[in-house]
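Swiss-Prot lists 9-38 with the feature FAD binding site, giving sequence analysis as the kind of evidence. If you look up Swiss-Prot, you'll see H475 marked as active site, proton acceptor.
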Amino acid sequence: MSNKNKSYDYVIIGGGSAGSVLGNRLSEDKDKEVLVLEAGRSDYFWDLFIQMPAALMFPSGNKFYDWIYSTDEEPHMGGRKVAHARGKVLGGSSSINGMIYQRGNPMDYEGWAEPEGMETWDFAHCLPYFKKLEKTYGAAPYDKFRGHDGPIKLKRGPATNPLFQSFFDAGVEAGYHKTPDVNGFRQEGFGPFDSQVHRGRRMSASRAYLHPAMKRKNLTVETRAFVTEIHYEGRRATGVTYKKNGKLHTIDAKEVILSGGAFNTPQLLQLSGIGDSEFLKSKGIEPRVHLPGVGENFEDHLEVYIQHKCKEPVSLQPSLDIKRMPFIGLQWIFTRTGAAASNHFEGGGFVRSNNEVDYPNLMFHFLPIAVRYDGQKAAVAHGYQVHVGPMYSNSRGSLKIKSKDPFEKPSIRFNYLSTEEDKKEWVEAIRVARNILSQKAMDPFNGGEISPGPEVQTDEEILDWVRRDGETALHPSCSAKMGPASDPMAVVDPLTMKVHGMENLRVVDASAMPRTTNGNIHAPVLMLAEKAADIIRGRKPLEPQYIDYYKHGVHDENEGAIEVKPYAK
């Protein structure tokens, strides 16, 4: 053991998205000593695979960048195990993700605020924190929806490839709308996306928040520091033990904040005796606080790629030629421009698949190339694809430790496709996507569907394809959800971010989300952490901003969703 007498005001477990925000904001108080413990390595400036936007497919599945999690056999996916990439570097998954910045719909946060005690998490209270974190280069300076001076610098997708414009036009031909900013007044519709790319480099949470703060004398950031144990005296956390370079180090803490993400936070809680008492006893762990919601309510977004052959030589398919990659890479190294300087998810859309939902339940990412996330490209000279899937499925999963060993990965199951509603929306998702991709605007480029292929038509054929081909969109959340103490499944007090029943143990990360949002979740996690930082510091919260936002049937005549062939049970 070493560092036995070292004490900190705040120990933050996890240097990912939320941990980076907290490390910066909490260390703004110069009289507070802050320690961030990150189990992965540093996000080196020279590391092309995490700094180069177009290299995003390389870290996934690579043990140097990815913790390489997997679900158990998913019972409704034909027993498949679904791989889950989790960032193994400073910045966490913000250092290996797709860099897409989506706030979610304002009505997501109205849903968060519905339970008694959650009122301060509605859109009006969250909006100022979104604006605080953003520097939106694509927004007008007078835009009251967007932030202009925050640490996260956002690039509006130029979407200049002709395939993007044809896709947006196809959405209009199918009966939808265009929208200039899916993070602004109107999410519903088709248009350019914001990306966390600045001057040709990935804008991770660590780059935006942690690195600028590291010069502060009261902030310490330790990488390759794997937390093995949280120490307690009754209901109070007193410190942590972590392993680094083969040695154990124990430090004292006035407060411990879990920011390990939707996998590691519930795992550490269960290892600490916080969770379902009977389950913990079955693993030989003495229960400390009975909170059956720890590891439950687990949500994720599943997605598929609908791929098409492109008749015109306008796609990015040739850039996947291994002979061209060195030249593309050199251009990026010396100029930070070219094909490698974009994540290429420069546009897409949000729509409702049926009239039973109040706001978009489908998200489309359009890509002017036909390639899987693992880098496997379609066998065509030119292609394009749409990523699609239901955004607020009612399927719920769980995470459970397998033993008392902190190094053993937990048992994970999301129960994808486990409900009739989930299956219904999946069938609708594929039919809505096909309807858009078959519009006249796509005719100059549409060389035919590659995947799933024209032979997949019936409800069951579609669902069978999803079972075989569906992949995670890498948005796990809600496994230690916020909620009032009256909710037996709530884990975190929404007013303090403290674990129910504990005095100084807090949770700030995606696991605390009460339910997922209808898009990529990195932006909501940053917002949650910004808001939590003010709570932890005892600062007056930012004033809520009550401004109008788009609701279908209220702001235009679009009273219903576009009709597609209905799902038949």
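Any Cβ shown, glycine's included, is placed from N, Cα and C.
DSSP assigns V21 (FAD binding site) to a helix. Comparing CA positions across the binding-site residues D9, S17, R25, E33, L37, the one lying closest to the residue listed as 'active site, proton acceptor' turns out to be S17. All protein chains considered, the CB of V21 (FAD binding site) has 31 other CB atoms within 10 Å. According to its DSSP assignment, L37 (FAD binding site) is in a strand. Sequence-distant neighbours of D29 (FAD binding site) (same chain, six or more apart, CB under 8 Å from its CB) are N218, R537, listed in sequence order. Each of the recorded positions R25, H475 was assessed for Cβ neighbours inside 10 Å, and the highest tally belongs to H475. D9 (FAD binding site) falls within a strand when secondary structure is assigned with DSSP. When the binding-site residues D9, E33 are compared by the number of other CB atoms within 10 angstroms of each CB, D9 has the fewest. For L37 (FAD binding site), applying a Cβ distance below 8 Å and a minimum sequence separation of six or more within one chain yields V11, I12, I13, G14, G15, E222, A225, V227, V240, Y242.
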